[in-house]
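Scroll down for the structure; my scribbles are underneath it.
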Ligand SMILES: C[S@@+](CC[C@H](N)C(=O)[O-])C[C@H]1O[C@@H](n2cnc3c(N)ncnc32)[C@H](O)[C@@H]1O
């Protein structure tokens with residue numbers, strides 16, 4: 001995987017006006033996603049030529065006069081299943097010469113049965129040129145669709161009515177990592193998960209609100225102290241809310257020292273593979 005810092009230093013100028021990343025969404029409800037790709041930062045990224053979106057109606061590839069894309073499941077049972085030949089035709093058209101883009105370098109089937117989508121996957125996908133997102137409806141796709149895709153992704157352990165909301169989430173999470181899409185390149189490097197930890201808490205005006213004050217460290221003007229306070233807060237939050245992330249975080253000796261003061265044992269730090277805390281130098285007494 002390309003390190004986040006390296007990605008962040010890429011040029012923000014689209015090469016030959018080609019978008020850095022194209023999302024092709026194959027769906028039975030393209031209009032559900034239209035406003036999503038036209039508003040806010042995803043819309044701005046498209047206006048700047050950084051991202052492109054193609055909303056493809058699977059019904060256009062039904063291959064029959066009733067535009068029927070689904071059929072009842074073999075073996076019986078409730079619901080309808082989306083046909084594999086319909087998906088294959090839609091994907092072929094996407095890769096065909098004259099389609100306006102290169103063939104997708106990722107074809108992703110959105111399904112609750114896939115591996116869970118996370119920040120690491122978003123970072124990996126942000127380095128692609130063309131991602132096709134396959135949104136199901138009804139009982140989902142014919143199982144043979146799996147042979148047409150490069151990976152499956154799930155949004156979590158729940159079942160939605162369709163894959164469109166999942167496609168929107170993937171476009172949001174991946175799109176914001178593409179260089180130039182969000183204003184401050186540094187900001188996503190501190191986001192929850194990017195550094196391996198949850199993000200630290202943020203405050204803005206007013207300094208005092210209903211008896212709750214902004215922590216004095218943030219008002220000190222001492223940048224090193226602010227950085228350390230933020231890192232300690234991120235460590236504390238992660239320890240409290242998502243300790244499962246700590247073994248994978250890039251911990252420093254100072255982080256280990258902070259975790260010890262938060263009550264983590266030296267044995268636990270070792271289990272997580274954290275480096276030992278810095279040795280505290282004892283001041284020499286006169287005559288020693
Ligand atoms: C009603 S669901 C089908 C669920 C399927 N019968 C199952 O239990 O795995 C219809 C479509 O919604 C999408 N979907 C639902 N939940 C999802 C999730 N957690 N992650 C990603 N896609 C999801 C998928 O594209 C799926 O094909």
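We count from 1, first residue shown onward.
Including glycine, each Cβ sits where the backbone N, Cα and C put it.
Curation does not apply to TrEMBL; its annotations are automatic.
According to TrEMBL, the S-adenosyl-L-methionine binding site annotation covers 136, 155, 156, 157, 158, 159, 160. Residue 157 (S-adenosyl-L-methionine binding site): 7 other CB atoms within 10 A of its CB, across all protein chains.
Taken from TrEMBL, the feature domain 'tRNA methyltransferase TRMD/TRM10-type' applies to 22-246.
Screening the binding-site residues 136, 155, 157, 159 for a C-beta under 6 A from any atom of ligand 1 leaves 136, 155, 159. Around residue 158 (S-adenosyl-L-methionine binding site), the C-beta neighbours below 8 angstroms that are at least 6 residues distant in the chain are 112.
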